[in-house]
């Protein structure tokens, strides 16, 4: 710990140069240059999605990509030189470095003729360069932090509950509708029959809706979003009408519960915010009342010519600053 403090407190010999570089990196001209590069880079990435343009100007896009990476590298080197420690304390700077690192990894892999699938994954990460525009606008930075804080507080827990419920319903649906061993319910007993269900159903029927875990999750998602759930239900009825109806009702009730949880979470968040604001106002009012009493006492002492208590002008100055 002490070693870390000593390292952080080491005085630089090139203070003048570091200050100059810091002024350059924080200047409006430099920021506009980087911002313009990001915008042009985003336009280039959009043009590369066109098959004809990307094939015709393939070499041009490669040269432009090298130019963009060079500019980002110069920016990184200058900022690291100016503030080597504070650079890593800023989350947006770390994000910029991560994007720059993936760009260099992509260049290395492409030069080594790595598999095309790996290059595609790395190339898709280039679109994240557009997110760098967030760091240039204080309003966007504030909004981005608010989204992250909101995700940390309640969205993660909410998503976890939704995913758990979707998994449970998906497994039930897969066991009932996604296999060749189907349950048939009659008057007072349950038995199973083994037969080739694919011979009696079309390719678009329920065996595809609940055939595996991913298809089952997609079917549950259709029920939750109320998008295409009626078609799924119709295909389920072809297999087991007696099970399809209660199962559909179960999934719909689950979807309603999830929506209620989302609304309740939003309401609770708003109530907590209102409560915190009320507490803050109460504390400010109490503090103001204390300062007001001190001022009244000061006026009484002045009238009584008892100024010994208030001879210290610093104390009076602090009191006035608090009242502001």
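The backbone N, Cα and C atoms fix where each Cβ goes, and this holds for glycine too.
Quick look at what TrEMBL annotates:
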type: DOMAIN; residues: 28-257; note: domain 'Ion transport'
type: TRANSMEM; residues: 59-82; note: transmembrane segment
type: TRANSMEM; residues: 94-119; note: transmembrane segment
type: TRANSMEM; residues: 154-177; note: transmembrane segment
type: TRANSMEM; residues: 242-262; note: transmembrane segment
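If one looks beyond the transmembrane segment (59-82) by at least 6 residues along the same chain, the residues whose Cβ comes under 8 Å of a Cβ in the stretch are 18-19, 21-22, 24-25, 33-34, 37, 40-41, 44, 47-48, 93, 96-97, 99-100, 103-104, 107, 129.
Across the residues of the domain 'Ion transport' (28-257), the predicted structure has a mean pLDDT of 76.
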